[in-house]
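Q: Summarising the annotation, Swiss-Prot assigns N-acetylmethionine to MET1. Taken from Swiss-Prot, the feature phosphothreonine covers THR29. Feature annotation from Swiss-Prot assigns N6-acetyllysine to LYS136. Feature annotation from Swiss-Prot assigns N6-succinyllysine to LYS139; the stated evidence is similarity to another entry. Positions annotated as phosphotyrosine by Swiss-Prot, on the basis of similarity to another entry: TYR151. Taken from Swiss-Prot, the feature region '5 X 12 AA tandem repeats' applies to 7-66. For 7-18, the entry in Swiss-Prot reads repeat '1'. Here Swiss-Prot flags 19-30 as repeat '2'. Taken from Swiss-Prot, the feature repeat '3' covers 31-42. Positions annotated as repeat '4' by Swiss-Prot: 43-54. Residues annotated as repeat '5' in Swiss-Prot: 55-66.
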Amino acid sequence: MEAVPEKKKKVAAALGTLKKKKVPAVPETLKKKRRNFAELKVKRLRKKFALKTLRKARRKLIYEKAKHYHKEYRQMYRTEIRMARMARKAGNFYVPAEPKLAFVIRIRGINGVSPKVRKVLQLLRLRQIFNGTFVKLNKASVNMLRIVEPYIAWGYPNLKSVNELIYKRGYGKINKKRIALTDNSLVARSLGKFGIICMEDLIHEIYTVGKRFKEANNFLWPFKLSSPRGGMKKKTTHFVEGGDAGNREDQINRLIRRMN
């Protein structure tokens, strides 16, 4: 019976020694490391939240812009229809406004051509066969197109053609490299300072030939189109004579469909 109190005494003594032992202090370097890690984590979370908020705001802005542009395009189309109806009702002909935008496709090589033609093709950025570019129409550009007319097919693209070309074949010139336009951020990074932050902005600027057309068009790499389905008829003959070269006005849209 005396063994039990003896056992209790031993346990009590062991507990006493444990209480007397001091817990080793956490080193200052470890404390500092933990504190820095906690601060870094807070900063990272704040940055992540700020970026998320910014992306959300930008997505909303892009959606609103796309909606506005869609309304604008529809209004332009309805105005054209209304004007044509009014003219027809009055027994007149409606003459639409002069086109401001052209799409130019190179259809021939330049073997044995004059240096002047070669230079104009370089200015139009048509360095390879089946390359295509947008051109703002004015007196100077029309004269350039006339010089190289036997080597190009050109006309007036509609909204659908501009849309499909940029979305399907669109590449941007970023740091002198040809980069596929797979994200709005690529457009915003290069053209954000001009108020062009998304693909819809880019399409609108090109189609309407806006104030920043030059910057938007120079950002776009020349389009590399496929050989037209069904082939070409006669490259050396003008379109009005049954060939492929020269101005085909709104019929360029059919050629774009065959090559896109």
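Including glycine, each Cβ sits where the backbone N, Cα and C put it.
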Q: I want to verify one value. Collapsing DSSP to three states, which class is the residue listed as 'N6-acetyllysine'?
A: strand
Q: Summarise the model's confidence over the region '5 X 12 AA tandem repeats' (7-66) as a mean pLDDT value.
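A: Across the region '5 X 12 AA tandem repeats' (7-66), the average pLDDT comes out at 74.
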Q: What is the interatomic distance between the Cα atoms of LYS139 (N6-succinyllysine) and the residue listed as 'phosphotyrosine', given in whole Å?
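A: So the Cα of the residue listed as 'phosphotyrosine' lies 20 Å away from that of LYS139 (N6-succinyllysine).
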Q: Could you tell me the C-alpha distance between the residue listed as 'N6-acetyllysine' and the residue listed as 'phosphotyrosine' in angstrom, no decimals?
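A: The residue listed as 'N6-acetyllysine' to the residue listed as 'phosphotyrosine', Cα-Cα distance: 19 Å.
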Q: Give me the long-range Cβ neighbours of TYR151 (phosphotyrosine): same chain, 6+ apart, Cβ under 8 Å, in sequence order.
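A: Long-range Cβ contacts: ARG106, ILE107, ARG108, ILE110, VAL113, VAL117, LEU121, ALA245.
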Q: So for LYS136 (N6-acetyllysine), how many other CB atoms are inside 10 Å of its CB?
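A: If we count other Cβ atoms within 10 Å of LYS136 (N6-acetyllysine), we arrive at 14.
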